[in-house]
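Swiss-Prot has this to say about the protein:
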- GLY109, THR110, ASN111, GLY112, LYS113, THR114, THR115: ATP binding site (BINDING)
Amino acid sequence: MRRTLVYGLGESGEAATRALLQRGERPLAADAASGEGPRRVLEELGVEGVLGAGPEVLDGVDRVVVSPGVRPRDAVLREARRRGIPVISEVGLGLELLGPGVRVAAVTGTNGKTTVVDMARHILRVAGVAHAVAGNSWRALTGCLEEVRRAGVLVLEVSSFQLHHLPPPGFEVAALLNVRPDHLNWHSSFEEYARDKLRVFGGQGPGDLALLSADDPICRRAAGGLRAEVVLVGEGETGVRDGRLLLRGEFLAGERELGFAGGHNLKNALFAAAAAARLGAGLEAIREALRGYRLKPHRMQVVAEEGGVTYIDDSKATNPAAVAAALLSLGGRPAVLILGGSEKETDFEEVLPHLGGCRAVVCQGEAGPRLRDFLSERWGGEVVLAGDLASAVEAARRLARPGDAVLLSPGCASFDQFSGYEERGEAFARLAGGRRAVRG
């Protein structure tokens, strides 16, 4: 019997190990760490395991299923490549175990993929189309295989980490929303990152659908070489014209009818509508769903209003492109911007043209000093350095004036102070002194 190593025992690694056990296989489970988390997984599963694993764990192994948190430069993965041992992602294993018969719409992109998946599932729910959702920000695919088989339709969010080790998947629908510099501490270069994003179109044929952003240069260059039917979202018959959202020339909704704002979110809605339509949602259901949709938390969400100042949680903005989109969506409203978090060494050059409406920028967290130095040199406005989010909110409160927004759009991950962007957003809401608002 083939011997599979599951390497990395986070949520996806645990789910992959369970799925293999349910198939009657006896995988080897391993993690480079040796802490309580991986140890608990091994005890619960009762599977052979190795903690503090090094390259020797590959002895007798025929393939490796790798968790997305493991970087390609990891010693075990380097040795696997040297030995010619196949390496696949947990998503790749999930697709293999699913087998044929499930229609899959896969969504990737630097920004917006979780929102597009959430919009698509909302549309499918309103349309009465049975479906399941998995991947990246959702459940591990290998942890919900039976549900996916029963539904027959899967909306799958895939990250560059998951695509890096994914064989050509042949998705019926593949969507690439945008490609901006991000995760360069994981990928060896931006070029590798972009190549991994484009792997979402691997294995597609003329009967499949490829959705790409019309205004993203990498998407436009890639579109001409794809075998699937290509729709460039944001121009022509699938775009926004005179404040009207159109899908293949059919009217969906006016901007003012929607419960969310921002050009990036309108485009997200078009991606979701195009994918859902291919999976069986009718036009009337799409129209109804979009008019009733509200964004998930931590995406340009108003969390407090105090003294004429509005506090906006955009904690999900973990790269510079997302910060630029957030500032653009303010429409020139004066703002105090809170930037910073854990360091990813990303270039904030593309944020500079959008700082015109900012009264000040507060830089905080691990990346704070670098961002302070960058902005002090390249931008003429007021720049303040704060040690952490709490002191950043206090500084922003002092700087803001009635009518301003205090915008948490960090452009960085959160792991210097928090377990994730959700915890960071909740902390911001508490520090701002308000409850979460219901609007957009």
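Each Cβ is built from the backbone N, Cα and C atoms, and glycine gets one as well.
Cβ proximity to the ATP site centre (mean Cβ of GLY109, THR110, ASN111, GLY112, LYS113, THR114, THR115, cutoff 8 Å) flags the following additional same-chain residues: VAL107, VAL116, LEU177, ASN178, ASN268. Just so you know, the Cβ of GLY109 (ATP binding site) picks up 28 other Cβ atoms within 10 Å once every protein chain is counted.
Sequence-distant neighbours of LYS113 (ATP binding site) (same chain, 6+ residues apart, CB-CB distance under 8 A): VAL107, ASN136, SER137, GLU157, VAL158, SER159, LEU177. GLY112 (ATP binding site) carries neither a helix nor a strand DSSP state and counts as coil. On its own chain, THR115 (ATP binding site) has ASN265, ASN268, LEU295, LYS296, ARG299 as residues at least 6 apart in sequence with a Cβ closer than 8 Å to its own Cβ. Within the same chain, residues at least six positions away from ASN111 (ATP binding site) with a Cβ under 8 Å of its Cβ are LEU177, ASN178, ARG180, HIS264, ALA317, ASN319, ALA321, ALA322, ALA325.
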